[in-house]
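Engineer: Supplied in structure tokens, the structure appears directly below.
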Amino acid sequence: TYIGDVLIAINPFKQLNIYEKQQHDLYKHIQYRNHSPPHIFWVADHAYRKLCLSKQSQCIIVTGESGSGKTESTKLMVSHIIYCSGNSGDRELQNRIIETSP
């Protein structure tokens, strides 16, 4: 759920079907977050759109306890940004970006 400009996400510790191509399409270019349920793809898409429009660096802060899903959340956001950029089939690019994370 959203709290202000913050998305609160909880690791379900199981695979969910909410990160498929259908969701990428749904959240691509949604201007207002109240037009769709809270989702990590909206956060990624919003940052990507602001980057493209403003030509200024953007930052997404992912925080939480050990095992809370920070790495997986980051991977999901990277995959959505790559999808929005038109390079969704470029697994090598996605893997190289993710590997830069400590």
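Using N, Cα and C of the backbone, Cβ positions are placed for all residues, glycine too.
Just so you know, TrEMBL annotations never went through curation; they're auto-generated.
Got these off TrEMBL a minute ago, pasting:
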BINDING   G64, E65, S66, G67, S68, G69, K70, T71  ATP binding site
DOMAIN    1-102  domain 'Myosin motor'
Engineer: Out of these binding-site residues, S66, T71, which one has the fewest other C-beta atoms within 10 Å of its own C-beta?
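Structural biologist: Ranked by other Cβ atoms within 10 Å, the binding-site residues S66, T71 bottom out at S66.
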Engineer: According to DSSP, does G69 (ATP binding site) fall in a helix, a strand, or coil?
Structural biologist: coil
Engineer: Reduced to three states, what secondary structure does DSSP give G64 (ATP binding site)?
Structural biologist: coil
Engineer: Look at the binding-site residues G64, G67, G69 and tell me which residue has the greatest number of other C-beta atoms within 10 angstroms of its C-beta.
Structural biologist: G69
Engineer: Least buried of the binding-site residues E65, S68, K70, going by other Cβ atoms within 10 Å?
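Structural biologist: Least crowded of the binding-site residues E65, S68, K70, by Cβ count within 10 Å, is E65.
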Engineer: To test your reading of the ATP site: which residues beyond G64, E65, S66, G67, S68, G69, K70, T71, same chain only, put their Cβ within 8 Å of the Cβ centroid of those residues?
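Structural biologist: Here the non-site neighbours turn out to be N11.
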